[in-house]
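Listed features, source TrEMBL:
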- 3-112: domain 'Epoxide hydrolase N-terminal' (DOMAIN)
- ASP177: active site, nucleophile (ACT_SITE)
- TYR311: active site, proton donor (ACT_SITE)
- HIS368: active site, proton acceptor (ACT_SITE)
Amino acid sequence: MSQPFRLSVPDADLDLLHKKLDLTRFPDELDGAGWDYGVPLADVKRLVAHWKHGFDWRKSEAEINKLDMYTTDIQVDGFDKLNIHYVHQKSEVPNAIPLLFVHGWPGHFLEVRKLLPYLTSSSPDHPSFHVVAPSLPGFGFSEAPHKPGFAGYQYAEVVHKLMLSLGYNEYVYQGGDFGHTIGVFVVNKYGNTHVKAWHSNLPVYRIPTFFSNPLLFLELLTMPFNKYIRDKVQTSLRIRKKEFGYFMVQSTKPQTIGYSFADSPVGLLAWIYEKLVAASDNYPWTDDEVLEWISIYWHARAGPAASARIYYELTRGNEASDMFEGTSWTSVPLGVAHFPGERISLPKSWAHMLGKVVQESFHEKGGHFAAFEAPEALAGDLRKMFGKGGPAYGVVSGKDGY
């Protein structure tokens, strides 16, 4: 049974945070290093000073509590029951479309906040949605798994059973980052029967092979003569070489880095802030936005370290050559969005290996955190896809959004 949730971080936790901030020992920095070696010292010092003397967590907390939030227990096959936190923002439209929004790392449930006014509003010109946005297990204010092996299909089971518990036997799905990855598992296990359509702003999948997709494999072979394919592949390889150090650490030794996350708010800040800047499309982050984002991790129910383990589980300790192992193409209608600041960008034709692509959009602005950076654009995609005349209009029985 769902219980209303109200966020209230104990005063003692805030006092401890400020003691740790007061005791911060900063590293040195090379002259003129800029961002080449990581987050500049001046940026971190500025943010820490604001965290100590300017940022008002209680104000952020009050704003977060304006969302309709709940917790409920979800039993996962082969694992303990988990208490899951989620936002459930309903539209006033009775026939609103149930939409499951799933975040990734270093994201969290608050990524949905800017989308909510667009998605839940009522208008004869566009569909309306009942939006469900959970904190994944180990993230935000959800309980974390207590034993190893909690991977793709387990995350999928959690979010699917959450939707069923709310009475949504049929629903649609939206995700980016690991929200996309989990979406692949969700549609593979529950697609068509329960998940009637889905949308991704990170439409990546495995590299095509001769056996998985002969046409795309042959296209890949044209790389020496095909500038578009060559540029996409080389850019992705360069990003993996230069920007995936965190991925390797969290995929292989999340417990080791976890001690730094759990004990040092400044270490956690620097680790995540680097990703926020690098992965966004020159988004003008305010210090308050950054510190609220980091605070969700610092004050997480399971602590700041638990969320990093998703990398280990989805890659089997980086032993898995295919993060999507056990999945395949599905006929569930799929919409994909391409944002120019998304650094993980593969040839657009590869999205068709995921499923039945019915809508594809290309935006002029926005990056990895599309729901946060470009909420109007992302909401516009969903309205177009599920609205009257759209390729997925009326996919949920009796709930067309109008």
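Just so it is clear, glycine is given a Cβ too, placed from its N, Cα and C backbone atoms.
Here the features listed in TrEMBL are placed on the structure.
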residue	record	Cβ neighbours (10 Å)
ASP177	active site, nucleophile	23
TYR311	active site, proton donor	21
HIS368	active site, proton acceptor	25
- Kindly report the helix/strand/coil residue split of the domain 'Epoxide hydrolase N-terminal' (3-112) according to DSSP, in that order. 37 helix, 24 strand, 49 coil
- Would you kindly give the Cα-Cα distance separating the residue listed as 'active site, proton acceptor' and ASP177 (active site, nucleophile), rounded to the nearest Å? 8
- Note on the structure: Students should find that the Cα atoms of the residue listed as 'active site, proton donor' and the residue listed as 'active site, proton acceptor' sit apart, in Å rounded to an integer, by 17
